[in-house]
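*Asks:* I am attaching a structure below and will ask some questions about it afterwards.
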């Protein structure tokens with residue numbers, strides 16, 4: 001089931017990535033690249049940082065096909081996506097949680113320290129969006145919007161904690177999704193944000 | 001001969017990278033870094049993604065010397081480069097094709113799936129220019145200009161197809177250069193572009 | 001002693017990174033990421049380029065804790081940091097030199113070519129600041145400000161040269177710090193810069 005959610009999530013991420021590319025008037029090649037990086041960039045950065053070769057998607061060319069198709073499809077259905085924005089927010093939240101759990105699992109299976117396991121989960125969850133924003137030449141929204149990375153952090157902690165407590169894996173995944181989704185949707189609904197740090201001067 | 005074209009191409013790429021740095025008023029260190037990344041960044045990203053260590057240029061410090069020299073030379077001959085812009089467009093096209101063929105070959109020799117082989121060729125061809133543009137703080141031109149990544153894509157497909165058909169390697173390389181160069185120069189001349197995706201709304 | 005300077009330096013780098021994030025009005029998660037990348041990003045890029053796995057900080061989660069704490073602390077003491085700007089400039093210079101020496105040592109222990117050893121030192125010294133600036137959506141200051149990367153370059157050359165001459169390692173490190181600090185502080189004081197390359201035209 002985690003795999004199914006993962007496949008739906010990377011398709012949804014690819015589609016929202018395509019819209020970001022469209023906001024920069026990119027051509028369909030640019031759309032494809034941004035869709036790919038938004039969907040699969042997080043896992044790529046995680047694998048590179050952990051030294052896990054071969055990188056995930058290189059062994060699953062069907063994932064590449066899926067996100068490219070999703071990105072191109074978004075061009076055609078863009079006019080309807082605004083109306084579906086709530087659906088996409090939910091899919092994006094599901095993706096964030098799935099990516100986080102999968103990323104934690106990868107680092108754990110390589111015997112990394114729990115601190116690195118949590119970071120691997122968060123990298124998988126948010127690095128794709130950071131790459132998308134860097135290539136679209138803007139400050140990553142994940143550094144400024146309502147709770148997003150924090151959801152990934154909370155899910156990673158919860159997932160690791162429940163493993164430590166010996167909770168069965170299926171139940172653990174279910175609890176992580178329930179809690180993660182609840183926090184994320186509440187954060188969108190109530191506009192929960194982390195405190196912002198404003199600084200005016202140049203140090204130098 | 002592919003090696004000779006490669007050496008000419010990385011020098012030419014380094015020189016055009018230096019001009020991009022000059023447009024941002026960088027100092028000669030910045031010029032050197034941008035020249036290096038424009039010329040050798042694509043191969044670096046490819047090697048990191050494929051997990052091919054040691055990375056190419058670390059075993060060829062003479063390439064590093066060549067691109068640094070090319071970048072610094074561009075500062076001195078900058079005033080003449082506008083007049084030579086057609087020459088550089090041809091050298092850049094040759095480089096794009098050479099990078100693509102070399103990148104495909106690297107991934108193939110590591111037994112990656114054909115989808116990854118094509119992507120490795122394209123990464124080698126275009127990632128250097130993307131790094132240059134990100135460090136110069138602009139949206140990568142490869143996502144917006146006339147056919148460029150598409151040339152890399154076409155060359156990669158043709159090259160793999162001709163291998164499959166059992167065409168001798170020399171003839172294959174020759175055909176790939178002929179077709180690639182023809183498409184690229186025609187694209188510049190006739191301003192062929194991919195369809196552009198324009199999108200106005202914020203999804204979120 | 002190099003380790004002690006290293007720990008002080010990554011904390012100071014994390015704090016200055018946090019201020020850069022504050023200038024972009026990031027939330028405290030963004031502050032944490034920028035602090036982390038400013039302090040440990042250079043070593044991360046070096047390890048990835050050299051293929052040295054596992055990456056340094058993954059084996060030292062206490063470093064991650066230190067830079068996160070430093071970044072968050074900067075939010076609270078930001079108002080005092082302007083007054084301490086000279087202290088931070090010195091700490092930053094010490095960090096640049098320590099990072100360079102450590103980076104050279106890593107590449108040397110992997111038997112890379114001297115050209116790559118020098119580059120590894122420089123990457124360790126400056127790539128963190130480049131990542132910080134890219135994520136803050138600006139052209140990296142290291143490409144434009146008074147002598148900085150050049151200090152890293154000079155220190156790397158001196159350090160390698162003294163090893164070649166058989167100078168004892170402690171003395172070598174001491175000399176590298178003395179010379180590096182002298183150049184860097186003089187450069188700040190006298191505003192020494194590399195020549196700037198200004199270029200107006202689009203090649204294409």
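Backbone N, Cα and C atoms are what each Cβ position is placed from, and that goes for glycine too.
What TrEMBL says about a protein is an automatic prediction, not a curated fact.
Straight out of TrEMBL:
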- B:5-78: domain 'Glycine transporter' (DOMAIN)
- B:90-162: domain 'Glycine transporter' (DOMAIN)
- B:63-81: transmembrane segment (TRANSMEM)
- B:88-109: transmembrane segment (TRANSMEM)
- B:115-135: transmembrane segment (TRANSMEM)
- B:147-167: transmembrane segment (TRANSMEM)
- B:173-192: transmembrane segment (TRANSMEM)
*Asks:* Looking only at the domain 'Glycine transporter' (B:90-162), what are its DSSP counts of helix, strand and coil residues?
*Replies:* 59 helix, 0 strand, 14 coil
*Asks:* Excluding the flanking five residues on each side, which residues at least 6 beyond the ends of the transmembrane segment (B:88-109) place their CB within less than 8 Å of a CB in that stretch?
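*Replies:* Distal contacts: 2, 5-6, 8-10, 12-13, 15-16, 42-43, 46-47, 50, 52, 81, 116-126, 128, 148, 151-152, 155-156, 159-160, 173, 176-177, 180-181, 184-185, 188.
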*Asks:* Same chain only, please: residues at least 6 beyond the ends of the transmembrane segment (B:173-192) with a C-beta under 8 Å from a C-beta of the stretch. Say none if there are none.
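*Replies:* Beyond its ends, the transmembrane segment (B:173-192) has Cβ neighbours at 1-2, 89-90, 93-94, 96-97, 100-101, 146-148, 150-151, 154-155, 158-159, 162, 167.
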*Asks:* Averaged over the domain 'Glycine transporter' (B:5-78), what pLDDT does the prediction give?
*Replies:* 95
*Asks:* So, by DSSP, how many helix, strand and coil residues make up the domain 'Glycine transporter' (B:5-78)?
*Replies:* 64 helix, 1 strand, 9 coil
